[in-house]
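Residues or ranges marked as domain 'Glutamyl-tRNA reductase N-terminal' in TrEMBL: 6-153. Per TrEMBL, substrate binding site is recorded for THR49, CYS50, ASN51, ARG52, SER106, GLU111, GLY112, GLN113, GLN117. The feature site 'Important for activity' is assigned by TrEMBL to HIS96. Per TrEMBL, NADP(+) binding site is recorded for GLY186, ALA187, GLY188, THR189, MET190, SER191. Sequence annotations record features per position, and here TrEMBL assigns coiled coil to 297-332. Summarising the annotation, TrEMBL assigns domain 'Tetrapyrrole biosynthesis glutamyl-tRNA reductase dimerisation' to 318-416.
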Amino acid sequence: MQLAVLGLNHKTAPIEVREQFALDATQVHQALTEIYGLAELDEAVLLATCNRTELYAVVADDVPPLAAMQKLFAKIGTAVSQEYTYYYKGEDAVRHLFRVAAGMDSLVIGEGQILSQVKVAYLTAVRVGTTGTISNMLFQRALAIGKKIRTQTSIADNPVSVSYAAVKLTQQIFGSLGERRALILGAGTMSELMAKHLIGHGLQTLLIANRSMDKAEVLAKKYHGRAVPLEERLRWAGRVDVILTSTGANTYLIDYEQAVELMHKRQGRPLVMIDIAVPRDIDPEVSQIEGVTLYNLDDLEQVVDENKEMRAQEAEAAYPLLEEAVAELMEKYSYFSMRPLMAAVTDRFEMVRKRIVHRAFAKLPDVQDDERRVIEGMSKVLVRKLLRDPMIHFREVAGTEDEKMYWQILADVYQLPLPAEARPEETDDAK
């Protein structure tokens with residue numbers, strides 16, 4: 001079996017590419033169902049956030065993983081140039097996921113939201129039924145090491161989230177927020193964090209627009225703001241200094257024509273828009289309108305440089321923990337290659353045990369049930385004792401150069417089928 005990951009993120013692809021692969025929870029569920037039924041995948045987990053989309057897959061040894069995954073990746077979004085993607089196999093794939101779960105690969109190093117996003121991605125795949133032994137071990141261990149690195153290092157101290165960066169950018173633009181008014185589009189986690197940081201930085205007036213007025217009102221009440229209907233966002237946008245957006249909308253909430261009309265009504269008053277949604281809530285062409293300053297998620301990278309050096313040092317401190325976890329999991333994975341052999345040998349011993357016990361009972365017609373159980377139990381213990389040392393040795397040679405030799409010897413001795421990966425390579429003469 002082969003483990004691989006194919007993905008793109010904020011480091012490899014601009015937002016206009018990433019938003020083509022942005023998926024909400026329902027779409028992730030649907031995509032997993034579709035790709036699992038269409039391809040040669042034995043296991044699959046799909047991780048989709050605002051900054052990354054990654055397909056983790058387990059395929060058979062005779063399946064070229066990259067070609068299969070590229071075909072399926074295109075079904076998630078569109079055909080994408082390889083310059084925007086990355087591809088890792090085996091140990092490198094394990095290491096990559098562990099770095100992701102620990103927040104070491106995030107736009108904001110050490111941010112905590114990614115760990116819960118990895119967990120949601122894994123549990124979604126479990127519900128769909130696309131996980132198996134290898135991916136279960138991989139993601140369970142990733143969640144554990146992500147938590148361990150956060151608790152045993154300072155990588156997550158003084159966290160700087162994307163929402164915080166958006167507010168920090170707002171403050172850099174305006175200076176004091178004491179006389180400023182802001183409109184937030186959306187009432188999810190990111191929007192709540194923006195509301196929290198805006199009020200914490202002294203914002204005078206906060207408006208929150210959302211499709212669900214109930215959610216908007218709850219958030220507005222919590223941060224002393226005012227909830228307004230999302231349908232009236234353009235009217236209220238005429239009264240604020242900055243608009244911050246983070247929704248799950250599939251179409252622009254403010255398109256070019258709407259923004260032109262909005263700025264006309266503002267009579268030249270400038271407007272700042274900070275769009276941290278993926279896909280974007282605001283048409284990027286809006287940035288061409290006089291008086292509008294538009295920022296998207298990719299523009300925040302310069303803002304999150306705060307504490308970046310300290311976090312990079314903590315990331316370095318986390319590497320020994322991460323590499324230890326990678327080595328432990330790879331050791332467990334190496335054992336899988338010997339499992340068919342171990343199972344076959346065990347089955348052969350069990351077949352012999354049953355045959356001998358059956359013959360013994362045939363010669364002892366008067367044996368009682370409790371005596372039968374004792375004999376059965378003793379024979380099973382004997383087999384386990386005989387197999388204990390060989391099984392330990394099988395685990396030790398798994399993944400080593402001696403593995404194929406053991407396959408060959410035991411296949412000959414016990415007349416066991418020899419798997420393809422254990423067969424000697426054909427020479428030109430043999431062909």
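Here the Cβ of each residue, glycine as well, is placed from N, Cα and C on the backbone.
Of the chain residues outside the NADP(+) site list GLY186, ALA187, GLY188, THR189, MET190, SER191, ILE184, GLU192, LEU193, MET194, LEU219, SER246, THR247 have their Cβ within 8 Å of the site's Cβ mean position. Note on the coiled coil (297-332): residues 10, 14-15, 50-51, 90-91, 94-95, 98-99, 102, 104, 107-110, 137-138, 141, 144-145, 148-149, 152-155, 157-158, 160, 162, 165-166, 168-169, 172, 275-278, 399 of its chain, located 6 or more positions outside it, place their CB under 8 angstroms from a CB of the stretch. A straight line from the CA of GLY112 (substrate binding site) to the CA of GLY188 (NADP(+) binding site) spans 16 Å. Classification of GLY112 (substrate binding site) by DSSP places it in coil, neither helical nor stranded. Sorted by the number of other CB atoms within 10 A, the binding-site residues ALA187, MET190 start with MET190, the lowest. Report note: the substrate site is defined by THR49, CYS50, ASN51, ARG52, SER106, GLU111, GLY112, GLN113, GLN117, and the residues of the same chain whose CB lies within 8 Å of the CB centroid of those residues, excluding them, are GLY103, LEU107, ILE114, VAL162. Note: the Cα of GLY186 (NADP(+) binding site) and the Cα of SER106 (substrate binding site) are spaced 23 Å from each other. Cα to Cα, MET190 (NADP(+) binding site) and SER106 (substrate binding site) are separated by 16 Å.
Summary: among the binding-site residues (THR49, ASN51, GLN117, THR189, SER191), the fewest other C-beta atoms within 10 A of the C-beta are counted at THR189. Each residue contributes its Cα atom, and for HIS96 (site 'Important for activity') and THR49 (substrate binding site) those atoms are 16 Å apart.
DSSP assigns GLN117 (substrate binding site) to a helix in the three-state reduction. Sequence-distant contacts of SER106 (substrate binding site), defined by Cβ-Cβ distance under 8 angstroms and a gap of at least six in the same chain, are ASN51, VAL100, ILE114.
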